[in-house]
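**Q** Input: one structure, supplied below.
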Amino acid sequence: MSKKLKDLPVSSTFTSNLPPDPLVPTVQAMKKADDRILHVPRFVEGGGLFTYLTPSLKANSQLLAYSPSSVKSLGLEESETQTEAFQQLVVGSNVDVNKCCPWAQCYGGYQFGDWAGQLGDGRVVSLCELTNPETGKRFEIQVKGAGRTPYSRFADGKAVLRSSIREYLCCEALYALGIPTTQALAISNLEGVVAQRETVEPCAVVCRMAPSWIRIGTFDLQGINNQIESLRKLADYCLNFVLKDGFHGGDTGNRYEKLLRDVAYRNAKTVAKWQAYGFMNGVLNTDNTSILGLSIDYGPFGFLDVYNPSFTPNHDDVFLRYSYRNQPDIIIWNLSKLASALVELIGACDKVDDLQYMEQLHNSTDLLKKAFAYTSEVFEKIVEEYKNIVQNDFYDLMFKRVGLPSDSSNKILITDLLQILEDYELDMPNCFSFLSRNSPSSMENEEYAAKLMQACICLNPNNERVRNESVKAFTNWVGRYSEATKTQEDSSRLASMKKVNPHFTLRNWVLEEVIKEAYIGKFELFKKVCKMAACPFEDTWGFSKEEEDYLCYNTTPSKSQIQCSCSS
């Protein structure tokens, strides 16, 4: 039964169980603190994992959109979105610190492979945790673009409308595809608030939610700073409050070894789905890697249009570190940093709760070497498990996308199809959309191949050699594909394929057009794309066929392989 906002239990397990910023140790201290402590960038020392504060950016706001799926996840009545209480919540205004005091998380991170030091929530404030009374699921509610915090570094604490629209829509798109993700609850315009980026841009606030916002970077900072007790409290909090549901820590090792194995498992499951749907985060630093395996912090993200495994949507990623091809290995690299942070806790094995031994370990070169050796051995095994999960889950989903039984003999059909797409620079989303809406049994192989080519020709629409050779390659593939699917009934196979092959993909050119319209005060296209991103498998969304086909299938050279900056 759906509830009103006031009926949802409010909590803050994060601040109740973890060490605070030493300069703001309590809510009472926050009430008395100078603005320079709360909203001016500084280093937080002493193992503090958060700072109590309230959003500093105050402005009149306008609700642009809310997410029906997120409202449902919270167990709210949809009518609640029209109330003043909801619209104040999603911009972080009218906060009751005595009921639950907001906070900003402290974390660090490796960015493009280099240690970046303290990062943290530089423009994000966590307001509280809300629990769905029916499901018992707890969500930490954040507002992004809420003003400066101690973690803002050189930034202004604002989020521009452009990046806010991108994050909101990406959350909706990935959630609808079944890819583990943080969720957007709402997006609101801020009246009269602007920020200087490449140009002066209007600002917005995205209200977002997740069971936890802890990242590998949260562990990195405590490990680098040698804050072992803070690290232990963080790990125990994750084990007791964050990772309990669906825990896959295995049967070997102490609880911290199991934590590492579980985080690797969750991220492997997510990476497999990224690869199957061609999603790229664009900036997979350790501070953008969730311990829950959630896709998180959407900046220069993108979906593959042309199937180019070397593509990165981040134009600052000149060495292709975060390209589509490299994502599985980059997550392994990030997991290795989590293992490094936990090395003493994992390497202590069954003596991890013997505080006298832990003191000896911390100060003994020989014991530390043994701890490193053991942790390295554990990590090697976890990496093998991770790789197997990524590969198996990737093929399981790809089998569904092409409508084939999960049989190892069919893998060659998938690899050959992807190779054709790569060789002739063809469009991946359009290819799978065509396959799920057209049966090869309905026409001759060559005719089917020609129509498939026409659906996904992209960078070389007028190149006769590419057209002819790709049709020839497709004709050969379609013959084998027809043979593999001939025992299945067409209508049921296509119906199943349509459930996993989106009709609409959130391409970067679509986002550019949405943002261009929004920046002149027109939000009609934004609202249409909201609907399409949230329900990508539909045959129609009630708009004109011409407009829907344009948004779903347009794949001209100028609209393909668009890169973005990290500016937000």
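Backbone N, Cα and C define each Cβ position, glycine as well.
Since the structure is predicted, the reported quantities are computational estimates derived from the model, not experimental observations.
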**Q** GLY120, GLY122, ARG123, ASP156, GLY157, ARG208, ARG215, ASP297 bind ATP according to Swiss-Prot; which of LYS137, LYS144 goes with them?
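**A** Checking LYS137, LYS144 against Swiss-Prot: the ATP site match is LYS144.
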**Q** Would you mind pulling the longest C-alpha to C-alpha span across GLY120, GLY122, ARG123, LYS144, ASP156, GLY157, ARG208, ARG215, ASP297, which the record has binding ATP, in angstrom?
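**A** Taking every pair of listed residues, the largest Cα separation comes to 23 Å.
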**Q** Cα-Cα separation of GLY120 (ATP binding site) and ASP287 (active site, proton acceptor), in Å?
**A** 8
**Q** Pick from ASP156, ASP297: which of these binding-site residues has the biggest number of other Cβ atoms within 10 Å of its Cβ?
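**A** Ranked by Cβ atoms within 10 Å, first place goes to ASP297.
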**Q** For each of GLY120, ARG123, ARG208, ASN288, count the other CB atoms within 10 A of its CB; which of these binding-site residues has the top count?
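**A** Ranked by Cβ atoms within 10 Å, first place goes to ARG208.
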**Q** Run through ARG123, ASP156, ARG208 for me and report the binding-site residues whose CA is within 10 Å of the CA of ASN288 (Mg(2+) binding site), in sequence order.
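**A** So the list reads none.
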